[in-house]
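Quick look at what TrEMBL lists:
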DOMAIN    8-229  domain 'Formyl transferase N-terminal'
BINDING   17, 18, 19  N(1)-(5-phospho-beta-D-ribosyl)glycinamide binding site
BINDING   89, 155  (6R)-10-formyltetrahydrofolate binding site
ACT_SITE  157  active site, proton donor
SITE      193  site 'Raises pKa of active site His'
Ligand code: GRF
């Protein structure tokens, strides 16, 4: 995409990183006005890290398990973290007792402060979650979104939201007996898989399809959908507006 302005994105992965690969490939063929500034993972074994290294993209690991354990051992909380503020905004834990809530948000604050610090030098416009299997608290989301009216975190989910949020979208879709499956790209808000929807692709689930077939069809759609949505962001065509009490994404027409 010669002569066009590019945005800088960071990508976070937890696993194999086939979505990351789709984004790298789309950049390489000039289909995205994007520079992938860095790729991070929540665990050192994430296969996506090797894909990034192969593509010459800087990588880092925020080791969530190690940081969670360090909190148990008394590691201090980030100076700008307020449990009261985070607890008042969040909608991840409902009906949790105060001790559970405190432990949940405090250990995440440690990991999220590390993530924010590692991302900061890259000055990214957009953070893309490509199979990143951690929820974010308002501490991280507000930190990343600071100074921007448009949300800055985009996630891909393996189901047609708002159906089947959670970690096993294709499994839940298949076991429910749905005749159509799909994937969703959305902005991240304070809930789990609840943010404004940017784009969705669907596919037919046929009587002969097993769960593996459903996952295969779904991933193939993800690899198309994610670059499309990132490009809409890069072109400045996404707008979040209020519609009947809900925040929704308006996609502005292209040139
Ligand atoms: C994808 O199905 C994504 O929707 C889900 O985790 C999977 C990641 O796959 N959140 P990959 O690591 O991109 O191959």
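Cβ from N, Cα, C; glycine included.
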Item checked: Environment of 17, 18, 19, the listed N(1)-(5-phospho-beta-D-ribosyl)glycinamide site - residues of the same chain whose CB lies within 8 A of the CB centroid -> 13, 15, 16, 20, 21, 22, 48, 51, 130, 131, 223
Check: Of these binding-site residues, 18, 19, 155, which scores lowest on Cβ atoms within 10 Å?
Finding: 18
Check: Between residue 193 (site 'Raises pKa of active site His') and residue 17 (N(1)-(5-phospho-beta-D-ribosyl)glycinamide binding site), how far is it from one CA atom to the other, in Å?
Finding: 19
Note to self: I'd like to verify something. Among the recorded positions 18, 19, 89, 193, which ones have a C-beta closer than 6 angstroms to some atom of ligand 1?
What the structure shows: 18, 19
Next item on the list: With an 8 Å cut-off on Cβ-Cβ distance and a minimum sequence separation of at least 6, pull the same-chain contacts of residue 17 (N(1)-(5-phospho-beta-D-ribosyl)glycinamide binding site), or say none.
Entry: 39, 46, 47, 48, 49, 51, 52, 130, 131
Notebook entry, point to check: Counting other Cβ atoms within 10 Å of each Cβ, which of the recorded positions 89, 157 scores lowest?
Noted result: 89
Next item on the list: To the nearest whole angstrom, state the Cα distance for the pair residue 18 (N(1)-(5-phospho-beta-D-ribosyl)glycinamide binding site) and residue 157 (active site, proton donor).
Entry: 14
Checklist line | Separation of alpha carbons, residue 19 (N(1)-(5-phospho-beta-D-ribosyl)glycinamide binding site) and residue 157 (active site, proton donor) (Å) | finding: 11
Note to self: Considering every residue in the domain 'Formyl transferase N-terminal' (8-229), what is the mean pLDDT value?
What the structure shows: 97
